[in-house]
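Trainee: This is the structure I have questions about; it appears just below.
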């Protein structure tokens, strides 16, 4: 069997996994899983110690999306009963930021449905972010869809720290998930974000009938894109979406996926994102031996577990919350 600790040491010296080594992680026998996670934790602990970054989503605009993404309950092809509303106002976004501050959330994520933001929607986000930075000093991540260079520049100027735009899957599998935009459209937005000086956040959704080679390709593509933060979502197959009833993930495989992303992107923030609770289930704590970041609270159209359960999990693991806000005028 592979010596996972030895491989971890090689990775930290700059070694990049070959495809066969990456696939071996996904094919790791269950009786070696803890050894695999030991290697992943060796990497994680060198770069992040025992700290965990907390993130919280504000669903700033829900539904009403013209795209045809097969996984999404907000898409034009979904029949799932989701709330639909236009962009929230500044005051509502500020109330969400205040809650995030009270919960020791390091990154407040403003997420809006749709192909891409209108200039008016960017205006609202810009206005809110300026005040969020002044009052709470939180890091802010925006996720508004495909982005124009001038919009990216405005977000950067307002104080947005990070922009999320997931590649979601591999380039070869992308047409099986959506045809209303291309994989290259997504990559172009990540590049636009980087050019504007924003920290790029880009991740994946696992469980959409992709192959193991697809997953390896995703991890490698994100390394090549140099994404600072990589959210790993596990499909929560919602009734009324084209992918409903297709999820065949199990908790052990999800842990192997998280380990793969750590071995292939050793220095990056790896976040256990959507679908954590329903796919990792009782093995959620083990995921943090590979990942160093989670979402707290609810997702866009699905519920997370009770916030208190997340904080108790971190306490039981002996991990510390990374929280260092820098408000400019103090919390009021």
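Using the three backbone atoms N, Cα and C, a Cβ is placed for every residue, glycine included.
Per Swiss-Prot, [4Fe-4S] cluster binding site is recorded for 65, 69, 72. Among the features that Swiss-Prot reports, [2Fe-2S] cluster binding site is placed at 109, 141, 201, 271, with the record citing sequence analysis. The domain 'Radical SAM core' annotation in Swiss-Prot covers 47-273 and rests on sequence analysis.
Any idea what these are sitting next to in the structure?
Mentor: In this structure, residue 69 ([4Fe-4S] cluster binding site) belongs to neither helix nor strand by DSSP; it is coil.
Secondary structure at residue 271 ([2Fe-2S] cluster binding site), as computed by DSSP, is strand. If you draw a 10 Å sphere around the CB of residue 271 ([2Fe-2S] cluster binding site), it holds 26 other CB atoms from the protein chains shown.
The average pLDDT for the domain 'Radical SAM core' (47-273) in the predicted structure is 94.
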Trainee: For residue 69 ([4Fe-4S] cluster binding site), which residues of its chain lie six or more apart in sequence with Cβ-Cβ distance below 8 Å?
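Mentor: Listed in sequence order: 75, 168, 177, 178, 180.
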Trainee: Note down the number of other Cβ atoms within 10 Å of the Cβ of residue 72 ([4Fe-4S] cluster binding site), including every protein chain shown.
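Mentor: If we count other Cβ atoms within 10 Å of residue 72 ([4Fe-4S] cluster binding site), we arrive at 26.
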Trainee: Just jot down the residues in the same chain as residue 141 ([2Fe-2S] cluster binding site), at least 6 apart in sequence, with C-beta under 8 A of its C-beta; none if empty.
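Mentor: The list for residue 141 ([2Fe-2S] cluster binding site) reads 55, 107, 108, 109, 110, 160, 161, 162, 163, 164, 201, 229, given in order along the sequence.
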